[in-house]
Amino acid sequence: MSRAPKLTLNLQFPAARSWPEHKALLPRATVAGWIKAALFADGELTVRFVDADEGRTLNRTYRGKDYSTNVLTFAYAESEDDPVTGDLILCCPVVEKEAAEQGKPLIAHYAHLLVHGTLHAQGYDHEVEEEAEEMEAIETEILAKLGFPDPYQ
């Protein structure tokens, strides 16, 4: 029987002053549970919840895109044998806006984006159709096990 992956989690919430209701939805144990559900190997991750300015700056600096995005993943493992290491950056106002536009609970959207970002940290991508289909199927399966509906419906 295989053991569940171990997670070392650094949770940062500099946006808490502006988005206290988001921080209240995201206690450490909840965030860790969602990430562990998406980890296939031991991991060391930092999750940082930011405002629009920091999100835009990071997206512009590292992706060349001058706007805030919902989640950025910075993966640092150099080989498949290394533990999963990375930073997940979630932009609170973008996540809130998307959840409202999509008619889904904020907590469900955060769960989806944390699972999505964790998969990116493990090398999954969605730049081509086949990869996108595989990644979406994995996300949907993980979220169902966590009690959330299919985020793509």
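Cβ coordinates are placed from backbone N, Cα and C, and glycine is handled just like the others.
Sequence-distant contacts of HIS126 (Zn(2+) binding site), defined as residues of its own chain at least six apart whose C-beta falls under 8 angstroms from its C-beta, comprise ALA132, MET135, GLU136. The Zn(2+) binding site annotation in Swiss-Prot covers HIS116, HIS120, HIS126 and rests on sequence analysis.
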Can you tell me whether DSSP puts HIS126 (Zn(2+) binding site) in helix, strand or coil?
coil
Can you give me the same-chain residues 6 or more apart in sequence from HIS120 (Zn(2+) binding site) with a CB-CB distance under 8 Å?
THR73, ALA75, GLY86
Same chain, not part of HIS116, HIS120, HIS126: whose C-beta falls within 8 angstroms of the C-beta centre of the Zn(2+) site? Give them in sequence order.
VAL71, THR73, GLY117, LEU119, TYR124, ASP125, MET135, GLU139
